[in-house]
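Peer 1: Heads up, here are the entries from Swiss-Prot:
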type: ACT_SITE; residues: D441; note: active site, 4-aspartylphosphate intermediate
type: BINDING; residues: D740, D744; note: Mg(2+) binding site
type: TOPO_DOM; residues: 1-155; note: topological domain 'Cytoplasmic'
type: TOPO_DOM; residues: 202-241; note: topological domain 'Cytoplasmic'
type: TOPO_DOM; residues: 359-384; note: topological domain 'Cytoplasmic'
type: TOPO_DOM; residues: 900-942; note: topological domain 'Cytoplasmic'
type: TOPO_DOM; residues: 995-1021; note: topological domain 'Cytoplasmic'
type: TRANSMEM; residues: 156-176; note: transmembrane segment
type: TRANSMEM; residues: 181-201; note: transmembrane segment
type: TRANSMEM; residues: 242-262; note: transmembrane segment
type: TRANSMEM; residues: 338-358; note: transmembrane segment
type: TRANSMEM; residues: 385-405; note: transmembrane segment
type: TRANSMEM; residues: 807-827; note: transmembrane segment
type: TRANSMEM; residues: 830-850; note: transmembrane segment
type: TRANSMEM; residues: 879-899; note: transmembrane segment
type: TRANSMEM; residues: 943-963; note: transmembrane segment
type: TRANSMEM; residues: 974-994; note: transmembrane segment
Amino acid sequence: MEGGRSWSIESYLNEYFDIPAKNPPGEARRRWRRAVGLIVRNRRRRFGRFSDVDAIDEAQRRKILVRVKQYHLPPELIEEGFCISPDELAAIANMREDYTMLRMHGGINGISRKIKASLEDGAKETDIATRQMLYGANRHAEKPPRSFWMFVWDALHDLTLIILVVCALVSIVVGLATKGWPMGIYDGFGIILSILLVVLVTATSDYQQARKFMELDREKQKIYIRVTRDKKTKEVLVHDLVVGDILHLSIGDVVPADGLFISGDCLMIDESSLSGESEPVNISEERPFLHAGNKVVDGAAKMLVTAVGTRTEWGKIMGTLNGDGVDETPLQVKLNGVATIIGQIGLVFAVLTFLVLLARFLADKGMHVGLLNWSANDALTIVNYFAIAVTIIVVAVPEGLPLAVTLSLAFAMKKLMHDKALVRHLAACETMGSASCICTDKTGTLTTNHMIVDKVWIGDVKFVGDKKNSELKSTISERVMAILIQGIFVNTASEVVKGDDGKNTILGLATETALLEFGLSLEEHLYDDYNKLTRIKVDPFNSVKKKMSVTIQLPNGGIRTFCKGASEIILEQCNTIHNTDGNIVPLSEMQKHNVLNIINSFASEALRTLCIAFKDMDEFPNDQPISDDGYTLIAVFGIKDPVRPGVKDAVRTCMAAGIRVRMVTGDNINTAKAIAKECGILTEDGIAIEGQQLNNKSSDELKELLPKIQVIARSLPMDKYKLVTSLKSMYQEVVAVTGDGTNDAPALHESDIGLAMGITGTEVAKESADVIIMDDNFETIVNVARWGRAVYLNIQKFVQFQLTVNIVALIVNFVSACIIGSAPLTAVQLLWVNMIMDTLGALALATEPPNDEMMKRPPVRRGDNFITRIMWRNILGQGLYQLLVLATLMVIGKKLLSIEGPQSDKTINTLIFNSFVFCQVFNEINCREMEKINVLQGIFRNWIFVGILTATVIFQVIIVEFLGTFANTVPLSGELWLLSVVIGSISMIISVILKCIPVEFNKTNTKPHGYELIPEGPEIL
């Protein structure tokens, strides 16, 4: 008791071993490392895989200083026809505000000539390999992969194993002096063999995990960008980018290399990652420098690549961090705390056991031969006592506890990668298991994102179905048709490119592609002509404005602006309309109402609606923006985007799992409601609301309304941000949110789990996310939640298993030392038990795949105790049974089983050891299910579990029957083998009895959508 407060495991863990899942501060990371203190066997293995806090701080402080100096042109560059060195080229972009070097080389045109690149056509395909060799590849400095023997070396740094090696060597020396060759080496050599086996198994496990993480890292680096090479626009991997490439940047991209601005529209760059400047910077011909690592927050542009990889400022900084490990997860830190507590208890038990054994030995020696009469055998006995004490520490300090989290996460992440989910941050995988709410986008996530123009409305006429194109051509005047096609072809961010096979391919977003395909199906031959028109100004689409506009110079003089976007927004900008005859007539309120009815009718059929409009001007207003009125409405489009197969079942699975699904979309509210109903998201008592209405609600109104909100339509990115923060602050929800745009970054960052779309998502969104959904599919999101729950549950199973072994092993050896004066479990035997418990146990239990039952229980509440009452019931029940059985064998086993003769002590100790191991084998099966009685269901689907159990039994037979000389065992009779198996198997009956004992749940509040929460574990005073 301290200050009137009771001490508990959870309060201790929360004080010292609690870190946030996202962006943990450096001090929190240092705090838990300090709290672990000396209770760690192998610091290299325990901490080596985590990121170096000091290295991160150093990288943040590092400033790259670039000085103008004399540059020399290497002969290999001259030979290939290049006229500027890589270092000088890299220095130009780093001059930032100083244009001296750029002007000295003749500006961007001079630079392009010196690197043999065309500002229109890019670099030649045949020069790519040469450019990579001379100017560098677009990769950061990478540490070479660690070999298997380096992991062996790490495992050998376990302090307790080192002490055991010393004990073994002393045992061999003393043994040779007393027993001679070869009898004298058996005890010590047995310990050394056991240590080597532990080291090899540990190193193999760590090596396999490292390989899995390397594969995941390679997947993370697969980023595609659009470049122009040899007059062709194509997508290439970011690592294949070379100096001289013409790179196409658009909103949401992360600039992958240093370069110079060629041309573009309203390009705004976030340079905070390098300069710390919070305000976006406008990049233009007057300020042309672009730097790797910066983000495009608005606009689009083409840039000439001038430096790649480690020659960029960003590349140098990233090179200092590369390979420095991963951030630790909250569960790993908490389990380090549990390991520390158990280790402290184990250390006390080890010291007490050694002192009791030593005291009994000295007392016995004093009574019989005197304390001054010492022999080599006496020294050997004390060495063995010390080895047993050290081995108790090996068993008691569960290194495998926090490492099992890494193993389970690595296994889950590898499986998820095959299932099209790339986990960027380890903590996200475990946090997703606690998700109670998913805020999802509609387009591409719930729908297929394969869009087609299904319906068109022009001048009071609706065109529907397969014949709409022919009917439209025959009904609409040539003037209206020409303006419509011109508006589609010039007002687009997509591009038609010809592939190597001669076929046209459209590069761009799905909505743009649908409109462009529609335009090409009407008048494909006009695309090249209209594409040559001079674009005076382009205002790109973003999720705030919900529209895109383009101003062009007409061939016969005059200016025309096209605008397309969200139907209601474009309609508000129009005061005239084109009729089918080609005449422009005023748009009356009645006609506007009719158009709104058309929009709503399209939307109610789950169609995405867009309007396109135009206005003509005599001249472009250079000194002020184009006004948002005076437009002429051309057409309303209804774009079909079918719901993905399986989404409805996935939503139903979420509901059963206590996960509320909310749809957040920029679409019309009628479209949103129709899609939400089709997906099963919008229920009869649910509410669909527009983003503006959400923002107008007071805090009290929002708190009352929030549990019922299922759809937010016409939402802005900050609406999504407000929804996330409100759910977290008002209802303590664990929120997962999807995002694909640059403006989604705040919501992705604020959420507990940010999910970026791999296909439609921008690089800025992906960079802010914790998980990338590679196929943009909602079913994949549900699969991530399923695996997250599996990770959490698997670690709980492993902790339950390991704590049972810890308790029994510690108490058996300590009580035996006190009562009998010897330890029934020798150092070699304890090392074998430690391997079953640590590495093999983790492999068996931490790699259990998810099952359907996991999605029929509520999520774990934020702040819930990790070790639950159910776990304590199972641990204490199994521990008590094992202690009673082993104590019985220890005290009256020889008499009960009529074991006699010179080998009777060794026989009963071997039986105790064998029974103890088989108790763990069967308890490992019990731990597959903490609550369900049927623990065998699906066991053969997990071949790792079955394989490890089989291997454990086989090795146990070998140790007992054939390695007795080293393991201090004797072969057992068939009856004693059967007895060992029966004793172990009874633990399964004990498990059934324990699971029938009701556990008192803590009183908890229910969540707003009505599910009960998992109970907390007991406090230990």
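Numbers here mean position along the shown chain, with the first residue as 1.
In case you wondered, yes, glycine gets a Cβ from its N, Cα and C as well.
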Peer 1: How many helix, strand and coil residues does the topological domain 'Cytoplasmic' (359-384) contain under DSSP?
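Peer 2: Going through the topological domain 'Cytoplasmic' (359-384) residue by residue, I get 19 helix, 0 strand, 7 coil.
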Peer 1: Please report how many Å separate the Cα atom of D744 (Mg(2+) binding site) from that of D441 (active site, 4-aspartylphosphate intermediate), as a whole number.
Peer 2: 11
Peer 1: May I ask for the residues of the chain that lie six or more residues beyond the transmembrane segment (830-850) and have a Cβ under 8 Å from a Cβ within it?
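Peer 2: Apart from its flanks, the transmembrane segment (830-850) reaches 164, 191, 194-195, 197-198, 201-202, 205, 388, 391-392, 394-395, 398-400, 403-405, 407-408, 411, 415, 786-787, 789-790, 793-795, 797-798, 801-802, 805-806, 809, 813, 916-917, 920-921, 924, 927-928, 941-942, 944-945, 948-949, 951-952, 955-956, 959, 967.
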Peer 1: When each of 807-827, 943-963, 974-994 is checked against the transmembrane segment (879-899) for Cβ pairs under 8 Å, which one has the most?
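Peer 2: Stretch with maximum Cβ contacts: 807-827.
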Peer 1: Out of D441, D744, which of the recorded positions is least crowded by other Cβ atoms within 10 Å?
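Peer 2: Minimum Cβ neighbour count within 10 Å, taken over the recorded positions D441, D744, occurs at D441.
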Peer 1: Can you tell me how the residues of the topological domain 'Cytoplasmic' (202-241) break down into helix, strand and coil by DSSP?
Peer 2: 22 helix, 12 strand, 6 coil
Peer 1: Work out the three-state DSSP category of D740 (Mg(2+) binding site).
Peer 2: coil
Peer 1: Can you tell me which parts of the same chain pack against the transmembrane segment (974-994), counting only residues 6+ beyond its ends and a CB-CB cutoff under 8 A?
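Peer 2: Long-range Cβ neighbours of the transmembrane segment (974-994): 873-874, 877-878, 881-882, 885, 897, 907, 911, 914-915, 917-923, 925-926, 933, 935.
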Peer 1: In the topological domain 'Cytoplasmic' (900-942), how many residues does DSSP call helix, how many strand, and how many coil?
Peer 2: 26 helix, 0 strand, 17 coil
Peer 1: What's the CA-CA gap between the residue listed as 'active site, 4-aspartylphosphate intermediate' and D740 (Mg(2+) binding site) in angstrom, rounded?
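Peer 2: Distance (Cα to Cα, whole Å): 8 Å.
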Peer 1: Let me know how many other Cβ atoms fall within 10 Å of the Cβ of D740 (Mg(2+) binding site).
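Peer 2: D740 (Mg(2+) binding site): 27 neighbouring Cβ atoms within 10 Å.
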Peer 1: Please compute the mean pLDDT of the model over the topological domain 'Cytoplasmic' (1-155).
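Peer 2: Summarising the topological domain 'Cytoplasmic' (1-155) by its mean pLDDT gives 74.
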Peer 1: When DSSP is mapped onto helix/strand/coil, what comes out for the residue listed as 'active site, 4-aspartylphosphate intermediate'?
Peer 2: coil
